[in-house]
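Each remark here refers to the structure printed beneath this line.
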Amino acid sequence: MSQAKHVAVLKGGWSAEREVSLVSGKGCAEALRKHGYRVTEIDAGRDLADQILKVKPDVAFNALHGRWGEDGCVQGLLEILRVPYTHSGVLASALAMHKERAKFVFRAAGLPVAESVVVPREQAAHGHVMDPPYVIKPVSEGSSVGVFIVRAGDNRPPAELTSAEWNLGDEVMAERYIAGRELTCAVMGEEIFGVTEIIANTTFYDYEAKYQTGGSRHIIPAPIDADIYAEVQRVTLAAHKALGCRGVSRADFRFDDTRPGKPELILLEVNTQPGMTPTSLVPELANLAGYSYGELVSWMVEEASCDR
């Protein structure tokens, strides 16, 4: 272990993914304590800078999810405070969180993405913005918050788009729906992990399927052809590098094998702050590669830095 023994675990926050972050942060804090680190847990509020200055950590373990914690804001604050932190830096975090900007990078790198269009929420709420089926997503959210499938024959958009309670931004992305299977893969530094197939017990892999007990099954390694498996790994690492990610990231895919002789692999997004509960996807993949949960989070602390 390096001299960076006092770790501030940043969790909670005030995004739509607060509850997920609290669970991730708790798991990381417990594992780091077991590995000999002195840990202070910080439920991140708008006084986060004051909290960090008071605690004076050697490293910040960023277990925040969603806006402000995952989009470059907290990363920029930690750069200003000169506190080394885990995961990706300001630019990579901001790019990955904004689905449209991330696609610009992926296309430039020659990576496979689906056709999409970004429109005002009001426009999506009053008629089809592309031929169905398609998926409507907030431009800058994670954990499938605010994601809906619009299918052929649907006469009206999801009611949530016109709700006064909608707080997920004024623009949404409409993206061609990809039939088939849900795959995910992760990177740790320069090491590429295996591939997981996710089978949701709901219509699609939405927030409930991700976080409710029994909401989905994870098959590791994914039962797919070796060439597709290798391609998922290649694209995962290429996307990680194209965005300029550091530390750990996870790439999510759709694999359409429903048309004989015409398989299609599509990169959906890169998650720079993937879930870090002991049973989350990245810790499961790390375990497949021979790393315990504690070894994974310890590695992340030892790799923490500024100037990312």
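Glycine too: its Cβ is placed from the backbone N, Cα and C atoms.
These features come from Swiss-Prot:
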BINDING   130-184  ATP binding site
BINDING   Asp252, Glu269  Mg(2+) 1 binding site
BINDING   Glu269, Asn271  Mg(2+) 2 binding site
DOMAIN    103-302  domain 'ATP-grasp'
Alpha-carbon spacing, Asp252 (Mg(2+) 1 binding site) to Asn271 (Mg(2+) 2 binding site), which is rounded to whole Å: 8
Inter-residue Cα distance where the pair is Glu269 (Mg(2+) 1 binding site) and Lys137 (ATP binding site), in Å: 12
Cβ neighbour count within 10 Å of Asn271 (Mg(2+) 2 binding site): 23
Largest tally of Cβ atoms lying within 10 Å of a Cβ, found at which of the binding-site residues Lys137, Arg151: Lys137
Mean predicted confidence [pLDDT] for the domain 'ATP-grasp' (103-302): 88
Surrounding CB atoms that lie within 10 Å of the CB of Glu269 (Mg(2+) 1 binding site), all protein chains: 19
Binding-site residues (Met130, Val172, Ala179), the one with most neighbouring Cβ atoms at 10 Å: Val172
For the binding-site residues Pro158, Asp252, the one whose C-beta sees the most other C-beta atoms within 10 angstroms: Asp252
Candidates Met130, Val172, Ala179 (binding-site residues) - the one closest to Asn271 (Mg(2+) 2 binding site) by CA: Val172
Separation of alpha carbons, Ala179 (ATP binding site) and Glu269 (Mg(2+) 1 binding site) (Å): 16
